[in-house]
Amino acid sequence: MSRISDALLVVGRMTTFTKKRYFGGTVMWAAFIITPIVTGLVLKSLFDVISGQKAATLENAIWLCAAFVAVETVRGGLLWLALNFFWPYWWNGASTILQTNLLRSILTARGPAASRLPHSSGEAVSRFRDDVHDLVVLADNLVDLVSAFAFAVIAFMIMLAISPVITLALVLPMIVVIILTRLLSDVIRRIHSRARALGAAVTAYIGEIFSGVLAIKTAGAEDAVLERLRAHNRARREAAVKDRLAMDLLDTATGASVEISIGLILLLAAPAMRQGTFTVGDLALFTSYVGWLTFLPRMMGRMLYRVPQAAVATERLSRLMASHESVDDMSKHGPLWFGQEAPPASLPVPTRSDPLHVLEASGLTVVHGDTGRGIREVSLRIPQGSFTVVTGAVGAGKTTLVRALLGLLPVSAGEVRWNGSVVDDPGTFMVPDRVAYAGQVPRLFSESLRENLLLGWPASDADLGRAVELATFEQDLADMPEGLSTVVGPRGVRLSGGQVQRATAARALVRTPDLLVVDDLSSALDVETEHQLWDRIATAASVGRGPSTLLVVSHRRAALERADQVVVLDRGEVVGSGPLDHLLRTCPEMRRLWSEESIVEAEEEQPAQTRV
Ligand SMILES: Nc1ncnc2c1ncn2[C@@H]1O[C@H](COP(=O)(O)OP(=O)(O)OP(=O)(O)O)[C@@H](O)[C@H]1O
């Protein structure tokens, strides 16, 4: 029930963001739906004239025909106005508001967004498109319902005045349709919810296929993947057919009620016409109204279908919003620009407020779903100017730790303190220019390299050049056909994995953060270049042109030897922390990692021609 009231609240808000368009459109549409009342009256007069029930002159008949044409022309005009000046603006505006609020919540609301996003981007896109559509279409159908109701009230008044018996007989099939739709509404909601979920699963799977084409081909898994897709699709098709069937069943029931109603009119009208209490014109009016009258039960049926549909959509969309946000935030009105350019987005302004003295974490605990994996009770202290390396075996929890620290993952316990004060929402606090993060799985957009590195950050090409150099990316840049203007990303020049990682490091460095967090650059740099990278950052920091505090996930000697402190993780727990020498003496896990690392480095330092 609360899901339905949430959906109705969102829909209610959607109707008022541009009152002029929605209510203007409603008036036009209602007038369009109601004008057949006049058509029916004209037809009644016309048929009474033709059948001799009224004084007949040719002039009369011609005037009535002209009136008929005029009414229908006005109707066409109303439709044209509604469809050109009201509904498209309102429809697009309503969808945009919902989508903007969702996007804002995902990108900027407090708390980590990662856990709220569906596993695949395809599914997220389908929610943005289909679920938003389900909400907007409900608000649209409300107008149909109100218009159909107004038509029914006026038509019934006219028909009751002509023949109360025949009019009341017409109500019966309508009541049957209403009861039927009410009975079916719960079933329809379940069917629709399942169809939506399975449809999203297909979209998600196709998305995964596209992004994993290489993996599929190299594994020779084309047939297996296609078979899996077929299985997903079979399930979706069955659910979609059931969904469509339920909707069509309702429409057919309503259509049948029209036939039954016309039959009833004919049955009851025949004796009345013999007695002269019901004219041919009355018959014309009744039969012309009856088709329109079924619009009401049809719309009521559709509402009974749309409301649960919108409840499902609201619930799915709410899951994308931050936990502290409500449907109120989802439907919050915002500025819209119809027919004019939106003002440019405001650029972030580096504040340099509250510079870092010390960052502390205590008792940080993250559990990934019900896997039981993650990190437990991790505490660390990072003073300003220090170089901290987090190390550990594959899967030890290094990435989880830095992501928890940055507020990118939900923590189940623990806190983060910046200069002694508890950070309320690390997700919105640990951001540039306080902290910048070069992640393990970097992403470039299909834009120029300059835009990719800046992402809206206010910096000159000179600043950008410095960041590129710090990230040891200058040689790669020199090889680019158009330098910083080269379009990269999925639709541009493809960069190697290492180049993408160094570009992402440059993106973090251009933000001149107090604290630079780098997650495992090992695939981006050979040993020599890694030494160069840390040297350059240290030199830049000494003249105040780069981050002086570094938190680095690494298992490489180049980083470990330079570290002021090393934090060793093993299966999610800190098993040692301190300077490398101390750990090599006291921490068996560090000794084990170090000996493995030595082997790796020994292999890397062999002459190039001996490598495979
Ligand atoms: N989103 C997730 N859902 C479930 N389990 C996860 C998730 N992310 C990580 N894990 C698990 O948590 C553990 C720690 O993962 P994490 O990525 O933090 O390790 P890591 O030390 O950074 O590993 P690597 O050296 O491979 O980068 C692993 O066992 C991993 O399988």
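First residue shown is number 1, and so on along the chain.
Here the Cβ of each residue, glycine as well, is placed from N, Cα and C on the backbone.
Quick look at what TrEMBL annotates:
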TRANSMEM  21-41  transmembrane segment
DOMAIN    23-309  domain 'ABC transmembrane type-1'
TRANSMEM  61-83  transmembrane segment
TRANSMEM  135-159  transmembrane segment
TRANSMEM  165-184  transmembrane segment
TRANSMEM  249-270  transmembrane segment
TRANSMEM  276-296  transmembrane segment
DOMAIN    359-596  domain 'ABC transporter'
### Query
Counting Cβ pairs under 8 Å that are 6 or more apart in sequence, does the total for the transmembrane segment (135-159) and the transmembrane segment (21-41) reach three or more?
yes
### Message
I'm a bit unsure how to read this: which one of 165-184, 249-270, 276-296 has the highest number of Cβ pairs shorter than 8 Å with the transmembrane segment (21-41)?
### Response
276-296
#### Entry: Segment confidence, the domain 'ABC transporter' (359-596), expressed as mean pLDDT
90
### Query
In terms of Cβ proximity under 8 Å, which residues at least six beyond the ends of the transmembrane segment (165-184) contact it?
156, 159, 246, 249-250, 253-254, 256-257, 260-261, 264-265, 268-269, 272, 278, 286, 290, 293-294, 296-298, 300-301, 304-305
## Note on the structure
With the cut-off at Cβ under 8 Å and a gap of six or more residues from its ends, the chain residues touching the transmembrane segment (249-270) are 163, 165-166, 169-170, 172-174, 176-177, 180-181, 184, 188, 278, 282-283, 286-287, 290-291, 293-294, 297-298, 301-302, 305
